[in-house]
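Visitor: First, the structure itself, so that you have it in front of you.
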Amino acid sequence: MQPTAIDSKSKSHPNERVAFIQACWHKDIVDQSRKGFVAEMAKQGYAESDIDIFEVGGAFEIPLHAKLLANTGRYAGIVGAALVVDGGIYRHEFVAQSVVSALMQVQLETEVPVFSVVLTPHHFHAGEEHQKFFFDHFSHKGEEAAKTCADTLNKVRSLRRLDAQQKAAC
């Protein structure tokens with residue numbers, strides 16, 4: 001059987017929906033990732049109405065929501081966004097790593113692509129300089145996530161189509 005090329009440039013995504021889950025901690029900053037994501041997805045051919053927004057208390061709640069949403073079969077992709085900072089009580093790196101690892105597990109178990117904008121800085125304080133930096137940084141990361149999301153959904157769609165064609169040929 002001859003290998004078939006994968007068309008990863010197609011922007012045809014009828015009825016594809018994306019879920020965007022964001023933590024409410026540091027909401028003003030995390031909101032920037034959502035805004036950047038939605039704006040870039042529009043450039044990629046998705047309507048704002050193709051994106052459902054969900055808010056959860058903190059980063060730790062994102063993986064469960066991602067899995068429940070993936071299991072609905074409604075979403076082609078899911079994004080999780082949070083800012084995990086050192087509150088001086090526990091190791092924030094552990095929380096961020098746990099969340100990102102759980103998001104990876106969700107996508108592997110459900111075969112629904114999951115994207116992370118769960119970020120943890122080395123140092124964070126609520127001063128004006130840090131606020132501006134993280135506003136801009138989260139907006140940029142939201143845009144990056146959108147580009148990756150649109151590209152991955154195109155590729156996954158093509159791979160599934162290829163798989164279906166090969167199964168039909170057998």
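Cβ from N, Cα, C; glycine included.
As annotated in Swiss-Prot:
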ACT_SITE  Arg91  active site, proton donor
BINDING   Trp25, Ala59, Phe60, Glu61, Leu83, Val84, Val85, Ser116  5-amino-6-(D-ribitylamino)uracil binding site
BINDING   His130  (2S)-2-hydroxy-3-oxobutyl phosphate binding site
Visitor: Please report how many Å separate the Cα atom of Ser116 (5-amino-6-(D-ribitylamino)uracil binding site) from that of the residue listed as '(2S)-2-hydroxy-3-oxobutyl phosphate binding site', as a whole number.
Guide: 21
Visitor: How many whole Å apart are the CA atoms of His130 ((2S)-2-hydroxy-3-oxobutyl phosphate binding site) and Ala59 (5-amino-6-(D-ribitylamino)uracil binding site)?
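Guide: About 20 Å separates the two Cα atoms.
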Visitor: In DSSP terms, helix, strand or coil for Trp25 (5-amino-6-(D-ribitylamino)uracil binding site)?
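Guide: The three-state answer is coil.
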Visitor: Looking only at Cβ atoms, how many others are within 10 Å of the one on Ser116 (5-amino-6-(D-ribitylamino)uracil binding site)?
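Guide: Total other Cβ atoms inside 10 Å, all chains included: 21.
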Visitor: For Trp25 (5-amino-6-(D-ribitylamino)uracil binding site), which residues of its chain lie six or more apart in sequence with Cβ-Cβ distance below 8 Å?
Guide: Gly57, Gly58, Ala59, Ala82, Leu83
